[in-house]
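Encoded as structure tokens, the structure appears first; notes follow it.
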Amino acid sequence: NDTDCDSNLRVGFVLVVSFFLVISVLAFPNGPFTRPHPAVWRMVFGVSVLYFLFLVFLIFLSWDQVKVLLYWLDPNLRYTTREAEVMEYAVNCHVITWERILSHFDIFAFGHFFGWVMKALLIRSYGLCWTISITWELTELFFMHLLPNFAECWWDQVILDILLCNGGGIWLGMMVCHFLEMRRYHWASIKDIHSTSGKLKRAALQFTPASWTYMHWFDPKSSFQKVAGIYLFMIIWQLTELNTFFLKHIFVFQASHPLSWLRILFIGVITAPTVRQYYAYLTDTQCKRVGTQCWVFGAIAFLEALACIKFGQDLFSKTQVMYVVFWLLCVAFITSLCLYGMVWYEQIYSVRLKSCDDDNFIDSCGYTPKIIKAERSPSSYSQVSHQRRCLGRNRANGASSQQ
């Protein structure tokens, strides 16, 4: 169309993305999940690679070119103002009324609660979830001099955020984890189901986990490498959360804008295979390298931060370096306390570790652990029964010789 260049660009962009996703389904490696289908997670990895390449392209643009790109995506962005310029934060904190408390329970509070449910489903550890929750509130305090919307009243930060939204979301997410750990999985082929309701139920179950693995992040015999790995996990998690607020502040769009919540949904989706691959790398001695989705996620977090620093030089010129240093030290200290508490809890209460795996399990490196293979192979059951028969014969022979 020679008269509508914008339409040509949009159609060309959509087709490039579509063909790249087709290539990702055909060529990219499988992820750690098999539900609803491995092709879905190959497409997720393909989208993450596209976003990574877009960030690389974005970094080499000027600020004027970035604004042209943003206004091309949404012309209304040219009239948007920063939230910090039109709203007040942490005002009259001594005034505590039911009306003021209830006014905080909006759609963002629900998103906050639901977000922690999903985080608990991904991390599956009370200790690490509570550590991330507390360290994030400290992160807001240390970066409050850069982002005014991090300023909150004490009762909002402690009671509404940490205890209600974070704590309630962690509790509900862990309850779902315990339910899935104890659940019995019967995966019949949809061809073997004859009723219509049964086929519909089986089709819906295709979007549920094929199995559920109990995550054991740390134990008393863990090496320093695992401690450093968990600390790096905490830092990247906090950096990803910070990028959410810096991006909408520097590139000037509201939290309700599609650019904001679509990015949050995208990060949430790619976090699932990332956490699973990183956990396998930390805990499985046979896994010698980090999964592909994991290092792409780390590169995305780094490039987002780099883009914020480049296009927000006026903002980051006000950075108090000591605050950043204290923040890193606090995260390290709280992480150490968390790991010590997890070891102490395990030693005192002797927590039994359970894992549920099915025949479709493949870890982040693309292989099935030998222990799981041995448990699945029919020969293992025959070998155990053979050992039991031999043991019974020996006992019988010993008893007859004594007589």
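Cβ atoms here come from the backbone N, Cα and C positions, even for glycine.
Between the stretches 81-102, 125-146, TrEMBL puts its transmembrane segment entry on 125-146.
Counting Cβ pairs closer than 8 Å to the transmembrane segment (40-63), the top stretch among 12-28, 125-146, 158-180, 223-240, 260-282 is 12-28.
Of the candidate ranges 125-146, 223-240, 260-282, 294-312, 125-146 has the most C-beta pairs within less than 8 angstroms of the transmembrane segment (324-345). Outside the transmembrane segment (223-240) by six or more residues, the chain places 128, 131-132, 135-136, 139, 217, 267, 278, 281-283, 297-298, 301-302, 304-305, 328, 331-332, 335-336, 339 with a CB less than 8 A from a CB of the stretch.
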